[in-house]
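Take a look at the structure set out below.
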Amino acid sequence: MNKKTIAMLGAGSWGTAVAIHLAKIGHKTLLWSHNPQHVALMAEQHSNPAYLPGIPFPENLIPSDNLIECVQSADYVIIAVPSHAFAEIINKIPKPTQGLAWLTKGVDPASHELLSQLVASRFGVDFPIAVISGPSFAKEVARFLPTALTLASNNTNYQKKMHQLFHHDNIRVYLSDDLIGVQLCGAVKNILAIACGISDGLGYGANAKAALITRGLAEMTRLGLSMGARQDTFLGLAGVGDLVLTCTDDQSRNRRFGLLLGREVPIPEAEHQIGQVVEGKHNAAQICAIANKNKVEMPICEQINALLHGIVHAQEAVNNLMSRPAKEE
């Protein structure tokens, strides 16, 4: 594939890591941040000390705070902002020429809609989109360690182009057309990672964590099937792959947030200690609202949402789950 110009909108750890990957394989990559001071620091240090310290930028990775200029000068546009900022970004940018891809995992907090629904409302239902998801920590991608991802799209031609853009010796990309399933996996797994962190923080051990992962997978699959997703998506990289990674490894900020809650650290202090956006905290209420709308039981997510809103404490949430009526698996 000919080398392209990429606009990466969002200079957190994940957006930066993927920008580094794309630049390393030869694409000119514009890394946008809304914060001019952040951009100046990245340009000065040729790295992102705030979110991905110690990993140098390739020469063709260029920080910028000019959103419109980045989009207009790019062949491909990728969004990597947190889910609560996604709507603001797509409403500010001009319509990209090729399509729009995103790394963001979550749902819109205002409308409870999937991010693909927001894009369809803004740019049209036939506008090419792609969602990139799967088990992937930023530091490992930035260091060129082996990673496998799922790329879901509504347009096979655009999907092929995005596949060629990303695919390399260190990143293997698998294709899907299940946009609903891939997006739900990315949102729900963060809530379940908080649950696993809480369990470990309480000292409940490996058995409890395995149960939370397994029953959590059942919850997210039920929700997905009720919304038209395919079951095999939840058994793939975007589903069980990302779920296991996020629930078991302390690189996950959602899991670390849960660990702190399990150790009775207050929510504001736990967020402060994490120092970055905890998507599961932002998306718990939205996922529960979507589940209620679709008449789907999601007891783990419901207990985490109740805990985050001060209705129950960590020990209570676990007790409520363990005391539920017996049922068939």
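Glycine is treated like the rest: Cβ placed from N, Cα and C.
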Swiss-Prot has Lys105, Gly134, Ser136, Asp242, Ser252, Arg253, Asn254 down as binding sn-glycerol 3-phosphate; which of Lys24, Lys28, Lys189, Lys327 does it also list for that site?
-> Lys189
Swiss-Prot records Ser13, Trp14, His34, Lys105, Arg253, Val277, Glu279 as NADPH-binding residues. Which of Ala74, Ala138, Ala218, Ala306 is assigned to the same site?
-> Ala138
Pairwise CA distance, Trp14 (NADPH binding site) versus Ser136 (sn-glycerol 3-phosphate binding site), rounded so that it is a whole Å = 9
Protein Cβ atoms within 10 Å of Ser252 (sn-glycerol 3-phosphate binding site), excluding its own | 24
Shortest C-alpha distance to Ala138 (NADPH binding site) - which of the binding-site residues Lys189, Asp242, Ser252, Asn254 | Ser252
Val277 (NADPH binding site) to Asp242 (sn-glycerol 3-phosphate binding site), Cα to Cα, whole Å, comes out at 18
